[in-house]
Amino acid sequence: MSPRQLNFLSAFSLSVAIAVVYHQAWGIAVAQPILPSEAVETGVISNGISINLFQAFVLGFIQGATEFLPISSTAHLKAVPMALGWGDPGVAFTAVIQLGSIGAVFWYFWEDLTGIAKGIIKAVQTRQYDSLEFKLGLGIGLGTIPIVFFGLLMKLLVQDLDNSFFRSLSTIAIASIVMALLLALAEKLGTHRRPFEKLRWQDGLIMGTAQALALIPGVSRSGSTLTAGLFINLERAAAARFSFLLGIPAITIAGLVELKGLLDKNLSNDAILPLIVGTISSAVFSYLAIAWLIKFLQKRSTWIFVWYRLIFGVVILTALGMGFGT
């Protein structure tokens with residue numbers, strides 16, 4: 001069996017396994033609560049949806065497991081809960097539990113981040129701007145501008161983002177398929193030879209521009225930046241590593257803005273507790289996903305994610321065609 005066939009079978013098996021696990025988990029949760037009654041209290045958090053602690057934990061798992069894999073966490077946080085009958089948790093809940101993912105990035109890349117901070121300070125003091133740390137810091141800063149600009153623009157122009165076309169299942173499916181094809185093209189055309197130590201600040205701007213596409217659910221922030229990194233010939237693991245660092249400002253800003261918006265609504269304890277559970281769950285599973293992906297990409301290609309995204313998009317379109325989710 002060829003590596004590509006193996007990747008396809010692995011992606012297909014993963015898709016089926018995830019669907020079965022979610023289906024079984026939902027069936028168990030409905031038939032017989034796993035948590036004590038006092039632990040499944042619900043509170044309206046965002047988008048008019050009540051989320052209990054079990055659901056918050058599962059949503060945190062989905063966020064953590066998919067945020068740093070090039071398969072779109074936003075798409076899965078929209079599609080999976082709807083498939084389970086929970087409803088769309090909304091932009092606010094999704095953005096807040098992403099703070100757990102950012103905590104995982106700080107946890108995993110603490111030495112890199114402190115090195116970048118020290119490098120920037122030293123470069124400013126000595127006026128020598130050719131160090132890798134300064135280039136990384138500058139690249140992250142410049143690369144954050146596009147997504148912040150277009151994110152603010154979208155917030156101004158789209159009044160009800162939760163129920164807009166941008167968060168529709170059809171948009172998610174099409175975006176997933178298109179990005180799968182682009183990732184496949186990047187795998188084919190990229191040389192995958194440029195190491196992390198050869199990163200330039202211009203790479204941050206290029207990958208940051210690609211990151212802005214992730215405002216469309218289904219595109220995937222890590223997927224778009226990883227794809228851009230492969231197109232500019234970075235090693236797979238190097239592209240992933242910089243992608244994670246690049247996402248820190250954007251995800252943090254989005255999470256804090258939505259958190260402030262929720263806190264301004266004077267949420268009850270029943271609503272705050274699921275946010276805490278979801279964020280902690282997201283942090284733990286994000287850390288595991290980061291560690292796994294970097295190790296995986298040191299030896300393997302991204303074809304498994306190409307096939308997964310194709311299958312994911314086709315399954316959603318098929319389900320919509322059969323009348324589900326409408």
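The backbone N, Cα and C atoms fix where each Cβ goes, and this holds for glycine too.
For 11-31, 42-62, 90-110, 138-158, 165-185, 212-232, 242-262, 272-292, 304-324, the entry in Swiss-Prot reads transmembrane segment, with the evidence type sequence analysis.
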- Report, as numbers and ranges, every residue of the chain located at least six residues beyond the transmembrane segment (212-232) whose Cβ falls under 8 Å of a Cβ in that stretch; write 'none' if there are none. 67-75, 78, 146-147, 149-151, 154, 166-167, 171-176, 179, 182-183, 186-187, 189-190, 192, 194, 203, 206, 238-240, 242-244, 246-247, 250-251, 302, 305, 309, 313
- Contact count check, CB pairs under 8 angstroms to the transmembrane segment (242-262), set 90-110, 272-292, 304-324; argmax is 90-110
- Item | Intrachain residues whose Cβ lies under 8 Å of the transmembrane segment (272-292), provided they are six or more past its termini | 41-43, 45, 51-53, 55-61, 63-69, 93, 96-101, 103-105, 107-108, 244, 262
